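Data first, discussion second: the structure below is written as structure tokens.
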Number of protein chains: 2
Amino acid sequence: MTETSLRERKKVATRQALSRAAALLAVERGVEGVTIEAIADAAGVSPRTFHNYFPGKEEAIVAPFTDGAQAVIDALRARPAGEPIWDALREVVREALLPTDTRDETIALLRVVKQNPALVGKQLCGLGEMQRQIAEVVAARTGTHAGRDLYPHLLAGAAGVAMRTALDLWVDGRTGADLPELIDSAFAQLRAGLPGP
Amino acid sequence: MTETSLRERKKVATRQALSRAAALLAVERGVEGVTIEAIADAAGVSPRTFHNYFPGKEEAIVAPFTDGAQAVIDALRARPAGEPIWDALREVVREALLPTDTRDETIALLRVVKQNPALVGKQLCGLGEMQRQIAEVVAARTGTHAGRDLYPHLLAGAAGVAMRTALDLWVDGRTGADLPELIDSAFAQLRAGLPGP
DNA sequence: CTGAAATTTTGCCGGACATGCAAGTTCGGT
DNA sequence: ACCGAACTTGCATGTCCGGCAAAATTTCAG
């Protein structure tokens, strides 16, 4: 299966421990009230080691979303070649947002992120990188050119907007719908050209 | 007219001086090669004063885009009430991206921003805030609810994607089309539901 | 015009951040 | 068991960012 030397396992474990500690502390104390020293301490490593894994606490906090964006790209690359591109995008977004074992923590984290401009910036930056790579995949599948055509970037951007909008509205919780419904609705509306309410 | 005491004028002048100096230095030396001291020096104020206007050099560099986003919102609020919302959005984006007297500088600045993740994050953060406010305006005009409906956020997001995509492709310059054409094309494709290449 | 009030600028300071470097420690393969 | 590679850690340096209070500037009432 996957190559898993002890070193590799330790590395991912440390990375996850740092990320989880950062998220937990951010939810508890607020982002500004968290120091790198506290995160490192909670994860059982030295502050200096923290910087071997993340350049700053913001990156550690939003790491789950950065990783999730990468998962979306990988999943998209693994879709069957003939599948309509809109369907493929909807499916990978749906899979990425499937209920996890840490659902409540993720919601709490999303709320914290949303209220902090610095975190929003990092999150959107990761999303932008995801869209860039999605555009390349789309271009390859549709015979368009990522450097010359609007189409692949618009499609990737639309998928990103659908994902982000559905998530945001779901996290706010003022709508009774569950997440898959919101995702389907968002994709359907975009696919229809947002004709009106 | 507009209240314009000496104090107000000096404040905006200082802010613009700092922003312009930051952008100029960033283009000349690269973002990392710019210190707050250099920016403040170029603008004729003390480094401490810089922090009274911007929390960091990144914010100063992307200030033109932040301000531009605000201009889009104001322009949208000023559109006639009956106008189709898609038309209104396309028009305000077009107006925001009209050729200015500092066209070449803006292009150079956009290229610098694009290559620096920290700046991209700040820029996207400002764009996100613009979209949030656009969604409110859209909700008010279409009888939808920004807290419950996907529609206004999807529409605002689509407009943001159209603007950003058209700008990016235009700045890269690999397409012969000019900016208004790209904007029109982006909006037309989104409005048609991105049917395919 | 003059003096007081409000606002802005500035220097100083401290905590936190980020990163290079070198020494110490742990792991992997022979 | 051993050596080289990879990871951790402490140290040191430079920058960032914001609070605070004093000095300077602008506003406004008398």
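Cβ coordinates are placed from backbone N, Cα and C, and glycine is handled just like the others.
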Which range of B:35-54, B:75-94, B:175-194 is DNA-binding region, per TrEMBL: B:35-54
Residue numbers, six or more beyond the limits of the DNA-binding region (B:35-54), whose CB comes under 8 Å of its CB atoms: 14-15, 17-22, 24-25, 60, 63
Per-state residue totals over the DNA-binding region (B:35-54) - DSSP helix, strand, coil: 15 helix, 0 strand, 5 coil
